Amino acid sequence: DVVETQEHYKSRWRSIWIMYLTMFLSSVGFSIVIMSVWPYLQKIDPTADASFLGWIIASYSIGQMVASPLFGLWSNYRPRREPLVVSTTISVAANCLYAYVHLPHSHNKYYMLTARALVGFGAGNVAVVRSYIAGATSLTERTSAMANTSACQAVGFILGPVFQTCFTLIGEEGITWKLIHLQLNMYTAPVLFGALLGVINIVLIFAIFREHRVDDMGRQCKSINSEGEESGGLDQDAEGNVDHVAVVAINFLFFVILFVFAVFETIATPLTMDMYSWTRKEAVFYNGIILSVVGIESVIVFMVVKMLSKKTGERAILHGGLLIVLVGFFILLPWGKKLPNIQWQEIKNNSIPRTTSTEMLMPFWSLEALQLPSNHTVEPVGCPITQSWCLNTPMIYLAQYISSDILIGLGYPVCNVMSYTLYSKILGPKPQGVYMGWLTASGSGARILGPVFVSQIYTHLGPRWAFSLICGVVVVSLLLLEIVYNRLIAFSVRYGRMQE
C-alpha cells in the first residue's frame, strides 16, 4: 500500500502542476513570436535575409541546449527553486530586450539574435522540470506525468501563435511610450506578454512550489538532489538493463518529429508572403488564425489519444502519427502550372534589362504595382526575384497549404505525446534524469537544424526541394520504426514482470 498523507499528496501534485506550467510557458516563449519574427526583422534591419531568419529561430534552441545541462547540474546540488527562478528571470529580461531591438541605429538583427538566444537560455529549465517530475512521481504515476509534460510543451508550441494573432490588432505602428522609448505594437506586445507570464510563473514558484520526492511505491522520501543519492530507494524491479537500441531509436524519432514541426512553424510566414503576395501584417494575422484552429485541433487530439492508446497501444499510434505528418508535407509539394506573383520592386532593378525574357514575366506582375511611381511607400509583395526559383516553381495553392496545416497539426501532437510515453516506459524504474537530458538535447538539436535547414534550402532551391527532403526524412523514420517496433516495449514487460 502507498503510504502518503493527503496533505503531502496535494502539495506534491500542486508542485507538479507548477512544473507543467513552467514547461508550457517555456514553449510559448519560443512560438509566440514565430509568425512575426520575419516581418519584424525586415522592418528593423533591411539587410537581413531569409537565411539569417533561420539563425534567429535556431538561436533559441542553441541557448536551450547550452543551458539545459548547466541548470540540470545546478539542481542536483541546490534546491530546484533557485535554477527555476534564475532561468525564468533571464527569459523575462531577454523578452524585454527583444522589445527594444528597434532602437539601435545599426546591427539590429544581431540584437534580435542575442535576445532570442537568451530567451532560449532561460528555457533550459526544462531539464530541471523533467528531473523534478521523475523524482516526485511513483512508478505508476510517472508515465502519465511525462505524457502530461509533453502535452503541455506541445500545446505551448502550438498556442503561442494564437496569442500573436490577438496582438496583430494593435497594428505595426501601435503606440509609443516616449518616456521609456517603448513601442507597443504587434511585434513587441507578444514578448512583453511573455515577460508578464514569466513574472507570474516566478510568483507561483515562490508561493506554491515545494520540493518533494517519493520512491517507486509512492512513499515519501527526503528530497535530496545529488545524483549519487537519487539512485537509492529503488527496489528489485530496477534490476535489468535498459534497451539502448530502443532508447536511441526513440531519440532519433523524437528528433525527426521536432525537426519537421520546427520547419513547419519557420516556413509559414515566408512561404505565404511569397506564394500569396501577403503583406507582413496579413501573413502574421492569417497564419495566426490558421494555427489557432490547429491549436484547438491539437487539444482535442490530446484528449482522444490517451483513450485511444489504451486500445491500440502507443506504437501503433506513433506509426499513424508519422504517416499523417508525411502526407501533410507531401501535399505541400508544388504540382500546378501557375507561377507566384513576382515582387515587382526587385524586377525594376536596372541590372535586369527589359528583354524578351523579362517581358515573359509580365502576366505575373500586378498591373497596379507597375503603375506606381518609383518613390511609392507601398510595401512590396510577392516572390522576390532574388530567389531564382520563383521564376520556374509553381505556386502552392492556399487549399494545399491549409490542408497541410490541418494534417501536420494532427500528426505532431500524436507523435510528441507517444514518443515521451514510450520513452518513459522503456526506461522503467531506474532514474531517468540522464536519459531525459538526451531526449531534451535531441529536441533542441532538431529545433536548431530545422529552421537553418529550411531557410537555406527554401531560399536557394525553393519549396519543391525543401518539402521533398522533409518527406524523405519522415520516410526514413517510418522505416526505423518498423525495424525496432518489437523492441519498443515497457521495461517491466521486457523482463516478464507484467503482461503488455
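Cβ atoms are placed via backbone N, Cα and C, with glycine included.
Predicted, not measured: the structure shown is a model, and the values here were computed from it.
Here TrEMBL flags 15-489 as domain 'Major facilitator superfamily (MFS) profile'.
According to TrEMBL, the transmembrane segment annotation covers 17-40 (among others).
Residues 29-30, 34, 37-38, 41, 83, 87, 109, 112-114, 116-128, 131, 262, 266, 270, 433, 437, 440-441, 444-456 of the same chain, all 6+ positions outside the transmembrane segment (52-72), place their C-beta atoms under 8 angstroms from a C-beta of that stretch. What TrEMBL records for 52-72 (among others) is transmembrane segment.
Per TrEMBL, the feature transmembrane segment maps to 84-101 (among others).
Same-chain neighbours of the transmembrane segment (113-133): 15-16, 19, 22-23, 26, 29-30, 33, 37, 55-57, 59-72, 74-75, 80, 83-84, 87-95, 97-98, 101, 142, 145-146, 149, 153, 198, 432-433, 436-437, 440, counting only residues six or more beyond its ends whose CB sits under 8 Å from a CB of the stretch. Under the heading transmembrane segment, TrEMBL lists 113-133 (among others).
The transmembrane segment annotation in TrEMBL covers 154-171 (among others).
If you look up TrEMBL, you'll see 191-209 (among others) marked as transmembrane segment.
For 245-264 (among others), the entry in TrEMBL reads transmembrane segment. Sequence-distant contacts of the transmembrane segment (245-264) (same chain, six or more residues past either end, CB-CB distance under 8 Å): 57, 61, 157, 318, 322, 325, 329, 408, 412, 415-416, 419, 422-423, 426-427, 435, 438-439, 442-443, 445-447, 449-451, 453-454, 466, 470, 473-474, 476-477, 480-481, 483-484, 487-489.
Tertiary neighbourhood of the transmembrane segment (284-305): same-chain residues 35-36, 39, 151, 154-155, 158-159, 161-162, 164-166, 168, 186, 268-269, 272, 278, 317, 402, 405-406, 408-410, 412-414, 417-418, selected by CB-CB distance under 8 Å and a gap of 6+ residues from either end. Feature annotation from TrEMBL assigns transmembrane segment to 284-305 (among others).
With a cut-off of 8 Å between Cβ atoms, the residues of this chain six or more beyond the transmembrane segment (317-336) that come close are 253, 257, 260, 305, 308-309, 393-397, 400-401, 403-408, 410-412, 414-415, 418-419, 422, 462-464, 467-468, 470-471, 474-475, 477-478, 481, 485. Per TrEMBL, transmembrane segment is recorded for 317-336 (among others).
Long-range contacts of the transmembrane segment (401-423) within the same chain: residues 143, 146-147, 149-151, 153-155, 158, 247, 250, 253-254, 257-258, 260-261, 264, 271-272, 275, 290-291, 293-295, 297-298, 301-302, 305-306, 309, 314-315, 317-318, 320-325, 327-329, 331-332, 435, 439, 488, each at least 6 residues beyond the stretch ends and with a Cβ under 8 Å from a Cβ of the stretch. According to TrEMBL, the feature transmembrane segment maps to 401-423 (among others).
Annotated transmembrane segment per TrEMBL: 435-459 (among others), in sequence order. Remote same-chain residues near the transmembrane segment (435-459) are listed as 30, 49-51, 53-55, 57-58, 60-62, 64-65, 68-69, 72, 126-127, 130-131, 134, 242, 247, 250-252, 254-263, 266-267, 270-271, 387, 420, 423, 427, 465-466, 469-470 (criterion: CB distance under 8 Å, separation of at least six residues from the stretch ends).
Summarising the annotation, TrEMBL assigns transmembrane segment to 465-485 (among others). Within its own chain, the transmembrane segment (465-485) has Cβ neighbours under 8 Å at 245-246, 249, 252-253, 256, 259-260, 263, 267, 315, 318-319, 322-323, 325-326, 329-330, 332-333, 453-454, 457-458, counting only residues six or more beyond its boundaries.
Here the transmembrane segment (154-171) has long-range neighbours at 23-36, 184-186, 189-190, 193, 261, 265, 281, 284-285, 287-289, 291-292, 294-295, 298-299, 302, 409, 412-413, 416-417, meaning same-chain residues at least 6 beyond its ends whose C-beta is under 8 angstroms from one of its own.
When Cβ-Cβ distances below 8 Å are used as the criterion, the transmembrane segment (84-101) is approached by residues 22, 25-26, 29, 33, 44, 67, 71, 108, 111-112, 114-119, 121-125, 128-129, 181-183, 188, 191-192, 194-195, 198-199, 201-202, 205-206, 209 of the same chain, each at least six residues removed from its ends. When averaged over the domain 'Major facilitator superfamily (MFS) profile' (15-489), pLDDT in the model lands at 79. Sequence-remote contacts of a segment are chain residues at least 6 beyond its ends whose Cβ falls under 8 Å from one of its Cβ atoms, and for the transmembrane segment (191-209) they are 14-15, 18-19, 21-22, 25, 28-29, 32-33, 80-81, 84-85, 88-89, 91-92, 95-96, 98-99, 122, 163, 167, 184.
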